[in-house]
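Annotation source TrEMBL lists Zn(2+) binding site at HIS141, HIS145, GLU164. For GLU142, the entry in TrEMBL reads active site, proton acceptor. Taken from TrEMBL, the feature active site, proton donor covers TYR229. What TrEMBL records for 305-490 is domain 'Peptidase M1 leukotriene A4 hydrolase/aminopeptidase C-terminal'.
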Amino acid sequence: MGAKHVGRRDPVPGECRGACDDSLWCGEGRVVEEFVMEQPIPSYLFAFAVGELGFREVGPRTKIYSEAVPGVLDAAAREFSGTEEMIKVGEGLFGPYEWERFDLLVLPPSFPYGGMENPRMVFLTPTVIKGDATGAQVVAHELAHSWTGNLITNKTNDHFWLNEGVTTYAERRIVEAVQGKERAVLNIGIGWKLLVEDMERFKDNMEFTKLKTNQQGVDPDDVYSRVPYEKGFQFLWRIERQIGRPAFDEFLKKYIATFKFQSIDTDTFLDFLKANVPGIENHIDLKVWTEGTGIPPDAMEPASDIYTKIVSLANEFKVGRMPNEDEVADWGGQEWELYLENLPKSVEASQETRISIKKMLYKNPSLPDSSFASYRITPFDVELANAAFTMLAAPQVLGLDARYRLSESKDYEVKVAFLQLAIASRCSNYYGEVEKTLKEVGRMQYLRPLYKGLVQGAGKEEEKVFAKRVFSEACSCYHPIAQGVVQAILVKHM
């Protein structure tokens, strides 16, 4: 249980208060496990798990639990062996760790989230066990919640960014300290790309591109996105750039010490910010950041040599060049994820790609982009460009996988990003791998883009039939929340 284990004892007649007969309650082999939670928590952080569990100790405050399968336990213990170092870094940045223990429970593949930050016992998807310790970044995020989310909680879901945006900032500070600045920059870059994509997703409902939202009458699962995470991160990063890291670190420590074990809203945060950073509102438009739609003009895409190189290589793929072995020799999962995320998943999502393809179609590549940028996009243009993109991309996708075996990656972030690309280019060679992936994991971060890629857009009747069949065969293994999310995608596009 996500609480302190205080003991094990024999059951006592009558204590079950009619929930069952005493003969069952006090039956042979029965024991009572007692837990206590001494710190106040919001009710959504109450958590327990039941199963045949084993564990490995990886630090003085951390055990790794999972089903009692040695292979899973050993792999998880290796992946998260640096947890104690991360806790110490977190304490240095944000103040004392208030929860005594930080245990990790690896759940079955049907778990719909990357992680859930239950105090004392974080829940994790097994897909974060990647074999190269980069899965520890999810652990860094859930650990950061120990200060921002669990210790200080958003008052309602309208202020969800106070949980997730602040935690994303804190996570990246921990990652930077433990794994280096370049690793943190890659993390920021992947997040930036996801933020841009979600802005496109909500272009017809811009309310949910705000930090401070109005979710009255809305199911939060229907509007869940990376916006509170990444726009929230960008807001804090903007403040850090304005006042400098040392001053911002002091502000964060004071913020956490002031509001710990409380639930607050956006206005409370802003009032505290203005009181402790006098004049900040004269340099940063706080209302635009928290109540405005879209990405504020003073948000910033990250910059570093490795980030620039990867994005440049992704742009070259669009004109037919894939990276050679020397260029990717030292790439890990995150580098590949950033590369794949920057490849076009559809023509319609990218004006740049439309222009490039129209130049090719009109056989005049020397014309400046401005000649095309103002050109009205007709339905015929979109259909023609999509067809051209598919014909161009499919051989490239096949060639990329033949060289680097991305469809076989053990890192699901890499594998799913590649499969999205394969779906967009109508590479049916990979639909078997798509089906296998949709049937072996239930993490919504993977289900959403794969199902959406299959059914979104015109002329996808075969893909829609395929998606509907796979869902009918796999849905019983999905968590109910994931079932509802996928059903909504299918209903919308069928």
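Quick reminder: no glycine exception, Cβ is built from N, Cα and C everywhere.
Structural mapping of features recorded in TrEMBL.
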| residue | record | Cβ neighbours (10 Å) |
| --- | --- | --- |
| HIS141 | Zn(2+) binding site | 24 |
| GLU142 | active site, proton acceptor | 23 |
| HIS145 | Zn(2+) binding site | 25 |
| GLU164 | Zn(2+) binding site | 23 |
| TYR229 | active site, proton donor | 24 |
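If you compare Cα positions, TYR229 (active site, proton donor) sits closest to GLU164 out of the recorded positions HIS141, GLU142, HIS145, GLU164. Each residue contributes its Cα atom, and for GLU164 (Zn(2+) binding site) and the residue listed as 'active site, proton acceptor' those atoms are 10 Å apart.
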